[in-house]
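Have a look at the structure below, then the notes.
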Amino acid sequence: MKTTGIKVTLLALAVSYSCALQAKNVSLGDTAVATGQQSTAVGQGSMALGNNMTAEQAQTAMKAQNVLLQNRAQAHEQYTQTQALFDSKSLANSNILERQEAMKPLLQQQETLAGQRTAQQQQVTQAQQAADRMAQIYERNLGAVSQIVDADFVELWQQGQADRLAQEVKKRVEQDTSVNNDTQFYVSYVNAYIEAKTRSALVNETIKEKTGSQITTNYQGVALSPVLSAGHSDKAMLWSDAVTDNDQKQLLSRLHLNTAALKGIAGYQEELAKIALITSADGKKNLYQAYQKNARQQIEQGLTGVTEAGKQILSELYLDNIDEGTFNQMVSGIFTRYENQLNYLIQLDKVNSLSPDSPDYAEELQQLLVLESSPRDNTVGLNTNPEALKQKVEQYLQDNALSHTQAMSSQATQLKQQLSAEKAVADQALKQAETQLSRLENDLADLDTKLSDLRPTQSELENIRDLEKVKAELAQKQAEYQTADKALNEAQSTLTQGQRAVAVGDNSLALGEKSVALGVDARALAKNSVALGDGSLADRDNSVSVGRAGQERFLTHVAAGIAKTDAVNKGQLDEERDARIAGDKQTLKDAMNYTDVSIQYSEAKTNKRITEEQQARIEGDEQTLAAANRYTDETFGRATHTVLDNARQYTDQRFRQLDNKINQVEKRANAGIAGVTAISSIPYVNSERFSFGMALGHYRDAQAIASGVQYKPTANTNVRLNVSWNNGGDTNIGAGFAVGW
C-alpha cells in the first residue's frame, strides 16, 4: 500500500484529533494543535499557534477548525473506502477480461472439435448402419441358405422328404419381408414345384400299388424341382431302347396305373397353359422386369458394404445379374420340364390304354421309357432286374441331388467366409470410429473443464456489474473530499500565520510568535515569551516566567554566572552584598579613624569647630551610607536582571538545541519512511524469472527513489534485493527470500 504524509496526518486526525497544519509541525496528544510554522504542541488540549491571537480567539478558531477537520477526515475515509472498492472491482473486471481473452482460442478449438465430433458421429452412424446391414445379410441370407443347404437337406432328400422341404422353402419365402408382389415369380416357382410333387406322388402311389415298390420318387423330385435342379441337367437318359419284348411286358405290368393316377393329366395341362402364358414374349418381359426390381432391392437392402467377390457369390444364390436371354432360357427350361412331364403322363396313359397283346404296345412303351432321343452315360439297360434298376435310378438321382447340394453348400461356405470377413471389417471400422469419437468426446470434456474454470461465476459478474456506478460514486467522493479540504484550508489561513511556537503540557498555550509554554496550563502569550511550569504566565514580550501572580517560584540550583550575560544565583548576590557591606564598613571605619586622628591633632580647636566638624562628619557619614545603600540596591538590581536574562537565554538555547534535534530526528524519520514506502511500492512481474522495478516514495517533506530486482530460480522460490535513496542522503537496503509448498 502506498502511504503519503497527508494520509498519515489525516489518520492521526481521525484517531486523536491532533492537528499539525504546517510543514515541520509536530502535534502529539489528544486535541493537540500546532498551527504555526515549525511549531510543536505536546499534550492534551495544547496549542502552539505562534500568531499572537488571544486564547479566546484561538479556542473559537480551533473549534471551527476541528469541525472542518472531522468533516475532511470523514470525507477522506469515504473516498478511501470507495477507492478501495473501485480498485477491487477494477481488478476483478481486469481478471475477467484476461480470462475471456484466454477463452477465445479454447472456444475456437471447441468449435473445431465439435465439428469434428459431428462429422465423426456421422461416420459412426454410417459404420453402425453398415455393420447392421452386414448383420442383416448374415442373419437373413446366410441363415436361410444354411438352413436349406446344410446336411439336414441331404438327409431329407435321402429320406425321400423333399415334399416337407418344399413346404419349408415356401414358408420361408412367404415370411421373408424382402419378398413383395413384384417377386411372385419365386413364390410361383416353389408352388409349381410343390404342385408337381403332389401329382408325382399320385403316380408313385399307383406304381407302388401295382408293383409293390416306388421307383420314381427321387426321380420325380429332381425332374419337378426347378429350385434344386437349377444349373443341372435333369433330362438324363434313364432308359435305353435296347430292351426285349419280355422285359417290356414285365415292366409294363409293374407300371400299370389306375384311373386315379390318370386324373393328374388334366391338372398338368392347366399348369402347362399357365406356364405357356408366362413364357410368352410379354410374360417373359414382365417377369424379367419384376426379377430385376427384386434384384435391385436385394442389393440396396442387403448387399451394401459387401465386396465384389461377395456380390458375385450372392448373385449366384439370388440369381443376380442374369441377362434377359439367360433368364428366358431358364423360364423355357421350366416350361420344357413341365411339358416333358406332361408328355410322359400322356404317353403313360396311352400305354395304359393298350393291351399288352396289341401290336403297338411295344412301340408305345418304348416312347414312354425313353426321355431323350440320344443315350447318356448314365443310361440303364432293361436287362437289369427291376430291383437293380430301382437302385441304380435312385442312386443316380441321389448323386445328382447331393452334388447340387454340395455345390450350393460350397457357395454358401464361400459366402459365409466372405460376409464374415466383410462383417469383421465393418465391425472394426465401427470400433475405430467409436474410438475416435470417444477421443473427441474426451478432448471436448477436457476443454469444457478448462472453459468452466475460466468462465466468470455469477458472483463475479454481480461483483463488477455496478463498476461504472462505483466509478461515478468515486468521482463524487473525491469532489466532496476536495471541497472539505478547501474549506479547511481557508479556515486554517487565520491559524497559520505564526511561527516557531512550542506548547508542551496539557492545555498549554504558546500563542505569541516564537513563544514557549512548558507545563500544564502554561501560557506564553507574548512575543518571544517563555512560560515555565504549571500555570506559569508570560504575558510580556521577551520575558521568561516561572509562575504567575500569587504562584511565584524559586529558581534553584542556578550555577554561578561567568559571562556578562549569564544569570547570577543568590550565592553570588549574597557574596556581592556582603562584599559591599564589608567595604562600606571599612570605609566607615577608615572615615572614623580619620576623624579620631583629626580630633587628636585638633584638640586645641574650639568646641564649636569640633561640633561643626562632628556634624559635618555625621552628615558625610549619612551621605556615604546613602550612597552605599544606593550602590547596593543598584548592584542587586543589576544582578537580578542579569540572572533573569541569563536564564532566558539559557532556556532559549536549550530549546533551540531540542528543536534542532527534533527537526533532525523528524527529517531522518520522514526520509526513512519515504524510503520504505518507495521500496514497498516497487512492482514486479511475477510471471517472469527475472524482474526489475522502480518506485518513488513521499512522506511529509521527504522524498525517496527505490529500485529492486526479483529472481525466481523455481516456481516455488523467490529472491529479492531492494535499495532506496532519500533526499537526506541516507540509503536503505533490504533483501528477502521466500519458499512456497
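Start at 1 and count along the chain as shown; that gives each residue its number.
Just so you know, glycine gets a Cβ as well, placed from its N, Cα and C.
The following features are taken from TrEMBL:
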- 1-23: signal peptide (SIGNAL)
- 29-52: domain 'Trimeric autotransporter adhesin YadA-like head' (DOMAIN)
- 412-494: coiled coil (COILED)
- 498-520: domain 'Trimeric autotransporter adhesin YadA-like head' (DOMAIN)
- 526-547: domain 'Trimeric autotransporter adhesin YadA-like head' (DOMAIN)
- 687-741: domain 'Trimeric autotransporter adhesin YadA-like C-terminal membrane anchor' (DOMAIN)
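Mean model confidence of the domain 'Trimeric autotransporter adhesin YadA-like head' (498-520) amounts to 74 (pLDDT, 0 to 100 scale).
When the domain 'Trimeric autotransporter adhesin YadA-like C-terminal membrane anchor' (687-741) is classified with DSSP, helix, strand and coil residues number 0 helix, 39 strand, 16 coil. Helix, strand and coil counts from DSSP across the domain 'Trimeric autotransporter adhesin YadA-like head' (498-520) read 0 helix, 9 strand, 14 coil.
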